Amino acid sequence: MKYLWVALGGALGALARYTVGVWIYERLGTRFPYGTFAINVTGCFLIGLALTVLDAHMDLSPAWRLAIPTGFIGAYTTFSTFEYETLRAAQHGQMGTAVLYFGSSLALGILAVWLGMVVGNRIVA
């Protein structure tokens, strides 16, 4: 049953990732990897929020921890695509884009996790 919860969350996370990515790229274009950037930063926020709330509610079924952080957020975010896009920008001589993407992803990712934890703590308070 554990695998089913991960798979269910993962399927929904993958669909959300695809939908959000397409929506962003259709509006902002592909000069910068806006879709992956937005997905990873919002995923960082969601992991901070979800784990803070789930940790405060240990009485919830373990299925929630499998379905949301492991399944949904795990499939929604994409470290490998982030790394690939950073390397491809550098290989194409777009060092400014590569450095900006790398640095802003890390900085805003950490900030988003923290913000998610702050919001999560307010929810459970």
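Residue 1 is the first one shown; counting continues down the chain.
The backbone N, Cα and C atoms fix where each Cβ goes, and this holds for glycine too.
Sequence annotations record features per position, and here Swiss-Prot assigns Na(+) binding site to G74, T77 based on sequence analysis. Per Swiss-Prot, the feature transmembrane segment maps to 4-24, 34-54, 99-119; the stated evidence is sequence analysis.
A Cβ distance under 8 Å defines the sequence-distant neighbours of the transmembrane segment (99-119), meaning residues of its chain 6+ beyond its ends; these are 32-33, 37, 40-42, 44-52, 82, 85-86, 89. DSSP assigns T77 (Na(+) binding site) to coil, not to a helix or a strand.
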